[in-house]
Ligand SMILES: Nc1ncnc2c1ncn2[C@@H]1O[C@H](COP(=O)(O)OP(=O)(O)OP(=O)(O)O)[C@@H](O)[C@H]1O
């Protein structure tokens, strides 16, 4: 009798535990992830059976844990990427009970006051978890216990060499964009999240790293607020602040690009690199939306994006209003990289990144997605205006500020001829 009652209690206990395991709150991140997939219907049907991701491996990474899953056939990693914020929210959901892990007990220092230590263990943790999603044949979901730093002060050690310029820091280190490998970029972001600051840091880096070889055409359709401070740099060839000047500059740049391409081809080379030409031209347009109605301008922009690489012409195309009109289909496929700050809507994010995500970035200034082959979330460094002024001061044009709005390079200033280096 006693045996019967005992075994009934044990069986009921096991059944209850199994029920809770299936229906009660998930207690660890792996369980939570699996549960989120089930609850959001991220599953596929195969031969009448429902399949979802299968955990293959779990390992500790710096600052968190990496979970490696096998994707079922028919489920795409992009689908998982798009549910990133759902996963992140799910992992941060708090339950009414206190989260307590019995294994923490082994860390108690018994020779000290035990009560504060236990209190700390059972208090809900305040930190917010963040995740990274990667796919290389296996789906990797990395769960970080602490959010990415929300402020990164500029440091001169972030400068690099060549045409490799700073983007920002992520958990694995500092990320750079190499214009020698990917010639053009789109920079987008809703006003107030650091786009202009990033552009100024980019221009300062190009001038500081390549003072003798960088040539800048700055088109600032936001009234000159972002680029005014650079207008008297030796490296700035053209500087314009309204749509009329923008068109003049783009037409001139296109002519120069054509001349360069002709000379390169006539000399039997394929591109500037093969010809040993070190000069590179950067055309930076901010705000592109103010130019989108001008067919001539947009044709030239598309032409630079398509043929610029060979002639050493790079486009940095910026907007806070990304749509299929401001980033048209003739431009988009020829621009390989994006730096995208927070955007308002999923549609805007798709116009820049071809996928959602930028609308879910936290409201942190300087937080951006760098997209090349995959999306990397970074915190861009904050370079103050004083730091910019100090760094560019040595490159100020002699003879004081130019009064003209459009600055064109004079022969005596910097000779711009096609000189081939001996191999
Ligand atoms: N990387 C950063 N880290 C921290 N704060 C930043 C960063 N970049 C910009 N900020 C802060 O955010 C404010 C807005 O930045 P910024 O002017 O670059 O935004 P924006 O998106 O270009 O806006 P707008 O389009 O109106 O110019 C800056 O004044 C600065 O205080």
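Cβ coordinates are placed from backbone N, Cα and C, and glycine is handled just like the others.
So that you can see what the record holds, here are the features copied from TrEMBL:
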- 171-350: domain 'FtsK' (DOMAIN)
- 189, 190, 191, 192, 193, 194, 195, 196: ATP binding site (BINDING)
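TrEMBL feature annotations superimposed on the structure.
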| residue | record | CB count, 10 Å |
| --- | --- | --- |
| 189 | ATP binding site | 27 |
| 190 | ATP binding site | 19 |
| 191 | ATP binding site | 12 |
| 192 | ATP binding site | 12 |
| 193 | ATP binding site | 23 |
| 194 | ATP binding site | 22 |
| 195 | ATP binding site | 26 |
| 196 | ATP binding site | 21 |
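Of the chain residues outside the ATP site list 189, 190, 191, 192, 193, 194, 195, 196, 320, 341, 342, 365 have their Cβ within 8 Å of the site's Cβ mean position.
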